[in-house]
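Per TrEMBL, the features are as follows:
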type	residues	note
TRANSMEM	43-66	transmembrane segment
TRANSMEM	73-92	transmembrane segment
TRANSMEM	104-124	transmembrane segment
TRANSMEM	203-226	transmembrane segment
TRANSMEM	232-253	transmembrane segment
TRANSMEM	260-276	transmembrane segment
TRANSMEM	282-298	transmembrane segment
TRANSMEM	305-322	transmembrane segment
TRANSMEM	328-347	transmembrane segment
TRANSMEM	359-381	transmembrane segment
TRANSMEM	401-426	transmembrane segment
Amino acid sequence: MRRCSVSIELFTVYLSAVIGGLALTTPISLAWAHGTASLEMELLVYSLPRATAVGGVAAVITAVFATTTSSAMVAWASAVGGCFVLLANHVLGQYFSGFAPLTTLNYIDCLAGGVLLGGLAAAVQFRRLPTLMAALGAMTSIMLSDLSVSDAEFTGTAGNSPLAWFVVDSPPQWLLWPATALIAVCAYTHRGRVEEQAISVELPLRPIVAVLLMTMSTVAGSAWLVRDESTIADALPVALVTVVTAMLTALLLPGRDGELILCAVAVAAAGGATVVLPLTGWMVPLLIAAGVGGMVLGRYRPMPLVGVAGTAGLSLFAVLTARPEGPVPAASVAGCLLLTLVTGYCLAATMPRSGAPTLLLGLIVLFLPGVVVAVRARIFGVGFALPRQWEVPRAYGRSDLLLYALPGAVAALVTVGCALGILLLWRWRKPAAERAEEGATGVDVGRAD
């Protein structure tokens with residue numbers, strides 16, 4: 001019976017993380033957009049990064065509140081509330097979409113998804129396996145959000161496939177109903193359970209300040225690059241600001257937990273340069289397997305610098321495989337698999353000791369479109385609300401090749417900066433074991449690194 005309840009909890013954590021991640025990374029159901037004006041669709045796409053940032057802030061605040069109560073019941077109840085609001089929004093939204101702006105419905109979706117993720121992460125914090133399942137679920141939601149919509153746009157069997165449902169109605173109701181019931185069961189199971197307080201009373205505000213700093217800078221940097229007046233030269237200062245902000249955010253977190261943020265920023269940059277084509281359905285199981293493999297490696301051989309080195313290698317791979325015609329399909333598939341492997345490794349190798357808020361901050365960095373995504377969008381001219389494409393002056397030889405290699409070059413710059421940030425963090429912050437020894441003995445034993 002005990003093993004059965006643990007299995008149910010792990011499945012619930014994974015499923016809920018997938019749903020929460022989809023709520024933050026995808027627009028509201030495309031089925032509601034039938035007959036919607038093109039201007040409203042443009043506003044929806046334009047506001048999506050801001051809605052994702054708002055949902056991320058809600059996730060961290062929920063996790064901080066649930067953590068300070070030291071009650072698993074409060075954490076699970078928060079997750080139930082978030083999932084219930086998501087379900088209500090998707091059940092009733094199709095009737096309200098005629099007079100309620102799609103942007104408003106999308107903000108509700110992101111806020112509810114953030115509350116769901118925050119309560120879920122707080123409920124399983126300090127337990128390694130459920131926390132890894134939550135991280136894997138968040139990774140899966142990113143994979144599903146990158147699925148191609150081409151097959152889902154046609155009627156017939158393609159539109160009725162389960163993967164097409166993730167595109168047309170995300171997160172789908174057939175996942176929301178059982179997830180709400182399962183989370184409610186977990187909340188009832190953990191009623192009266194009190195967790196041991198693991199953080200000091202002055203700590204909870206730090207993750208909130210950190211998530212505000214990270215999300216505001218990321219969204220502002222991306223918005224600056226997609227302006228019509230922006231040029232290729234603007235990519236360099238925005239990339240530098242991204243690295244500096246990541247380092248400041250890492251310093252706001254206790255101990256060396258900031259490693260997760262620096263690794264997440266590096267992964268997000270490499271991912272923006274590597275995943276340049278929509279994913280197909282058959283790749284999702286392979287990507288999940290690669291993510292699990294990376295987590296296993298990161299669990300038993302945690303070396304954050306190795307993970308960042310992997311992101312730097314992927315950035316260089318993106319530079320070398322850049323072509324005006326687009327990447328070779330084999331190179332794109334290999335890049336996606338390697339990226340997922342590195343992402344799983346980085347998440348497992350840098351699991352924070354301070355609990356759910358720091359983990360959520362790292363996941364939100366992966367959800368938000370960063371500097372490399374904005375650069376790639378300006379080059380390829382992707383999106384409803386984007387202005388004209390960038391161009392390289394013809395005075396430079398092979399200008400098209402230089403232009404299409406720019407996302408990989410910017411990603412390489414960000415990953416190198418994150419590697420230097422980790423080295424500085426190691427120099428300024430002592431390992432957790434050394435800090436614990438000093439706290440027990442009251443003697444400064446010096447740095448081990």
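Cβ coordinates come from backbone N, Cα and C, glycine included.
Predicted automatically and left uncurated, TrEMBL annotations should be read as such.
Across 43-66, 260-276, 359-381, 401-426, stretch 401-426 shows the highest tally of CB pairs under 8 A with the transmembrane segment (305-322). Outside the transmembrane segment (232-253) by six or more residues, the chain places 206-207, 209-210, 213-214, 217-218, 221, 224-225, 259, 261-262, 265, 269, 352, 354, 358, 361, 370-371, 374-375, 390, 392, 403, 406, 410, 413-414, 417-418, 421, 424-425, 428 with a CB less than 8 A from a CB of the stretch. Most Cβ pairs under 8 Å with the transmembrane segment (260-276) belong to 401-426, among the candidate stretches 73-92, 282-298, 401-426. Just going by CB pairs under 8 A, the stretch in 203-226, 282-298, 401-426 that sits most against the transmembrane segment (359-381) is 203-226. Long-range contacts of the transmembrane segment (73-92) within its own chain (CB-CB distance under 8 A, at least 6 residues past either end) are made by residues 16, 19-20, 23, 28-29, 62, 65-67, 105, 108-109, 111-120, 122-123, 169, 171, 173, 176-177, 179-180, 183-184, 186-187, 190-193. Contact counts against the transmembrane segment (203-226), taken as Cβ pairs under 8 Å, peak for 43-66 among the stretches 43-66, 282-298, 328-347.
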